[in-house]
Amino acid sequence: MEMKSLSFLVVLSLLAITLPFAIASDPSPLQDFCVAVNTPADGVFVNGKFCKDPKLATADDFFFSGLQNARPVTNPVRSNVTAVNVNNLPGLNTLGISLVRIDYGVNGQNPPHTHPRATEILYVAEGTLLVGFVTSNPDNRLFTKTLNVGDVFVFPEGLIHFQVNVGKYPAVAFAALSSQNPGVITIANTVFGSTPMIDSSILARAFQLDPRIVMDLQVKFKPKN
C-alpha cells in the first residue's frame with residue numbers, strides 16, 4: 001500500500017511539473033474549464049471539441065478511475081498503454097495535459113514512436129527500463145538511460161523515443177504529457193501499416209531493403225479489421 005501511495009504522489013507531481021509545458025503545445029484557456037462534448041447542442045467548438053455549458057458540468061466530468069489496475073500485455077510487443085486524455089476525461093479539454101499508464105511484460109517494449117503535440121515526462125513505478133530518444137537530422141544522436149523505481153526521464157516533443165523492460169519481472173511506468181490529446185505515431189505501424197499502403201518500392205529504397213522484405217513487413221503490420 002505504501003508503494004502505491006508513493007507512486008500516485010509522484011504521478012501528481014509529474015502532472016504539476018508538466019503544466020508549464022502546456023503553453024507551448026495547446027492554447028491557453030480563457031475560462032475556468034471547457035468540458036468536452038461530442039455535439040454542438042450545449043456549446044461552442046473549442047480546440048477540437050465542443051464545450052458543455054459550464055452550468056451543466058459535474059465532478060464526474062473531471063474524474064477517471066482504475067489507473068491502478070494492471071493491463072494485459074499479450075500483444076507482440078508485450079506492452080499496454082492506458083491513456084487518460086480528453087477522449088475519456090472530458091474535463092481535460094483546453095487544459096493542455098494528459099496522463100498514461102504503461103504496463104510492460106518481461107522483455108516487453110513501448111516501441112519507437114513520437115508524440116507530435118507533446119513533451120513527455122516518465123516515472124518508473126515498478127521494474128527496470130531502458131529508455132531513449134533520438135535527436136532530429138542531421139545529428140540523429142541517441143540518448144539512452146537505464147531507469148529503476150523512482151527514476152524520471154523526459155522525452156522532448158516530437159522526437160522518436162522508446163522504452164524497453166530490461167528487468168526480470170514486469171514493469172510499470174506513468175507518464176504525463178503536455179497536451180490534452182498528444183497523439184502517437186508508432187514508427188513501424190505508421191510506415192508499414194498505412195491505409196492505403198505506401199508503395200513498397202518507395203520504402204525499399206528509403207530503408208535500403210529488398211522489396212520482398214518490405215512487402216512481408218506490410219503484411220505483418222497491415223491493420224486488422
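Even glycines carry a Cβ here, placed using N, Cα and C.
Please treat TrEMBL annotations as automatic predictions, because they have not gone through curation.
Annotated signal peptide per TrEMBL: 1-24, in sequence order.
The disulfide bond annotation in TrEMBL covers Cys34-Cys51.
According to TrEMBL, the feature domain 'Cupin type-1' maps to 65-215.
Around the Cβ of His115 (oxalate binding site), a 10 Å sphere holds 25 further Cβ atoms from the protein chains shown. Here TrEMBL flags Asn110, His115, Glu120 as oxalate binding site.
Within its own chain, His161 (Mn(2+) binding site) has Pro112, His113, Thr114, Glu120, Val131, Gly132, Phe133, Val134, Phe155 as residues 6 or more apart in sequence whose C-beta sits under 8 angstroms from its own. The Mn(2+) binding site annotation in TrEMBL covers His113, His115, Glu120, His161.
Shown are the disulfide-bonded residues Cys34, Cys51; of these, the residue with the fewest other Cβ atoms within 10 Å is Cys51. Of all the binding-site residues listed here (Asn110, His113, Glu120), it is His113 whose C-beta has the fewest other C-beta atoms within 10 angstroms.
Within 8 Å of the centroid defined by the CB atoms of Asn110, His115, Glu120, the record's oxalate site, lie the Cβ atoms of Val100, His113, Thr114, Ala118, Leu122, Phe155, His161, Ala175, Leu177, Pro182, Val184, excluding the listed residues themselves. On a Cα basis, Cys34 (disulfide bond) lies 32 Å away from Asn110 (oxalate binding site).
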